[in-house]
Amino acid sequence: MASKVDYQSGKKHGLQLKNQESELDSIAAEFAGELDEATLSKYKTQFMSYDINNSGDIDHYELQLLMEKINQPKTYLELKKMIEQVDSTGKGAINFRDFIKMMTGKTSSILQKILMFEEMGKKSEQPKGIPQKRSISDLP
């Protein structure tokens, strides 16, 4: 008896990510006149990393995980209030348009400050390879 279980979910996930990325690109195109390509790309990457289930929205659960990741755990009501400050659709989740507006400062919120704080906390990439030669005159 053949099993009808689809073991190729990796392909489905890849397609889902590709579709989400194309949707986010089309939304980012709306902001192309206001922001440069590098900034929009950075926001898209951030949004995709926060949107764990690839639904196109950051919901309460995903925001809770983000806050716990940066050691700022919040209650359900605090998370709900943070989302309400940014949410323009009334769905109770942050879509990519709201995320860009929040990050560009068009809607100031505590969530914007927390996300910027998280970016500052990331370690910069260390140079790899052999260190450059220095002379005594280079020392402070």
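Including glycine, each Cβ sits where the backbone N, Cα and C put it.
Feature annotations, courtesy of Swiss-Prot:
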BINDING   ASP51, ASN53, SER55, ASP57, GLU62  Ca(2+) binding site
DOMAIN    38-73  domain 'EF-hand 1'
DOMAIN    74-109  domain 'EF-hand 2'
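Projection of Swiss-Prot feature records onto the structure.
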residue : record              : Cβ contacts under 8 Å, 6 or more apart
ASP51   : Ca(2+) binding site : GLN20, ASP57, ILE58, GLU62
ASN53   : Ca(2+) binding site : GLU62
SER55   : Ca(2+) binding site : ALA93
Helix, strand and coil residues within the domain 'EF-hand 1' (38-73) as assigned by DSSP: 23 helix, 2 strand, 11 coil
Residue distribution over DSSP helix, strand and coil in the domain 'EF-hand 2' (74-109): 19 helix, 2 strand, 15 coil
Average model confidence [pLDDT] within the domain 'EF-hand 2' (74-109): 84
Ca(2+) site, defined by ASP51, ASN53, SER55, ASP57, GLU62: further same-chain residues with Cβ within 8 Å of the Cβ centre: TYR50, ILE52, ASN54, GLY56, ILE58, ASP59, ALA93
